[in-house]
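Colleague: Straight from Swiss-Prot, here's the annotation block:
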BINDING   ALA3, LEU4, HIS5, PHE6, GLY7, ALA8, GLY9, ASN10, ILE11, GLY12, ARG13, GLY14  NAD(+) binding site
Amino acid sequence: MKALHFGAGNIGRGFIGSLLKTSGFELVFTDVNEAVINELNARGEYTVELAAPGQKQEIVGPVTAINSAQDPAALTEAVASADLITTAVGPAVLKIIASSIAEGLKQKNPDHIINIVACENMIGGSSHLKEAVFSHLTEEEQKALSQTVGFPNAAVDRIVPIQHHEDILKVSVEPFFEWVIDETGFIGDVPQIDGATFVQDLTPYIERKLFTVNTGHALAAYVGYQQGVQTIKEAVDTPEIRQVVEGALHETGSYLIDTYGFKKEEHDAYIQKIIKRFENVFISDEVTRVARSPLRKLGADDRLIGPAKKMKQPVYLIKGIAAALAYDFAEDEEAVRLQKLRKEKGIEGVLEEVCGLTPTDDLYQAILKETTR
């Protein structure tokens with residue numbers, strides 16, 4: 001089977017591309033990074049290193065690559081002939097690649113089945129991509145392609161640390177990964193992908209990841225910054241910070257267990273697995289990188305306010321939210337805007353305009369109380 005992957009960056013090569021190649025796919029990357037594309041075509045393979053003791057390496061290949069900016073005709077042909085298309089380009093870029101995908105779909109054999117999976121850090125990535133692709137098609141084309149093109153949603157999780165290598169193709173990734181795909185979104189047979197998990201309902205896994213990995217990472221960053229530590233590992237190694245992180249994850253865990261039926265002992269083990277990932281010295285990020293974009297992360301449905309709204313009386317989560325509201329790293333544009341808004345309109349203004357809360361909300365009052373202690 002043929003797989004076309006949009007995005008030859010570290011996540012594309014080190015996570016999605018690696019699994020697809022291990023699963024036996026004929027793999028083609030497409031990207032606009034000329035140096036990476038040229039090197040992939042020259043060598044036909046690349047190295048993936050596990051960011052863990054021993055730093056085990058594997059060679060991924062053979063692979064080929066297409067420069068989407070310089071060779072749109074080759075990209076159209078690659079889309080049309082692919083059995084599986086995946087992306088790791090960032091949510092904002094999906095609408096940019098949509099026109100290229102649409103052009104390829106129009107050129108494919110009418111009976112040829114293609115499934116397209118957006119592997120982005122967002123909810124409903126494939127659905128968003130479908131909407132963007134279909135905006136380039138006529139109603140007649142949309143109707144016809146809906147019979148042969150699937151857009152199954154997915155949840156992905158793997159930390160790829162900031163890294164610099166002499167070899168521009170080498171990529172380091174953490175050993176842990178999770179790629180969960182909604183099997184009900186496929187047209188035709190569900191492909192065999194080693195390491196991927198196929199489920200009937202993706203929502204529990206999306207929320208479990210968002211409210212555990214993303215929430216925990218953010219809390220370690222914001223509380224860590226507040227306490228003056230430099231890295232996520234330092235944060236979770238500091239008892240008072242770890243107490244807030246673990247406490248909040250058990251709060252979100254209670255919601256996840258009650259709502260989706262996860263077994264308590266299994267979810268508790270999942271929390272500890274996530275904490276251990278944060279402790280990994282090989283992938284420890286600076287708190288200021290993980291904390292960046294606080295306005296987005298304090299959004300009504302994001303990793304902090306989102307789970308807090310679903311609970312009656314969160315304690316540790318509110319401590320973390322208070323730390324996020326105080327985040328003032330001068331080199332972070334959103335942090336500067338956040339503190340400007342806080343100075344002009346107070347915490348009340350931030351809670352209403354950024355967090356989507358109102359004074360009648362219990363959470364609004366609880367956060368207000370925590371920030372004015």
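Cβ from N, Cα, C; glycine included.
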Colleague: Which of GLY7, GLY9 (the binding-site residues) has the most other Cβ atoms within 10 Å?
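Modeller: The most densely surrounded of these binding-site residues is GLY7.
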Colleague: Around ARG13 (NAD(+) binding site), which residues of its chain at least 6 apart sit with Cβ under 8 Å of its Cβ?
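Modeller: Result: PHE29, TYR46, VAL48, VAL60, LEU169, VAL171.
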Colleague: Residues with Cβ closer than 8 Å to the Cβ of ALA3 (NAD(+) binding site), same chain and 6+ apart in sequence?
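Modeller: Result: LEU20, PHE25, GLU26, LEU27, VAL28, ALA82, ASP83, LEU84, ILE85, THR86.
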Colleague: Tell me the Cβ contacts of ILE11 (NAD(+) binding site) under 8 Å, same chain only and six or more apart in sequence, or just say none.
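Modeller: Sequence-distant Cβ neighbours: ALA88, CYS119, ARG158, VAL160.
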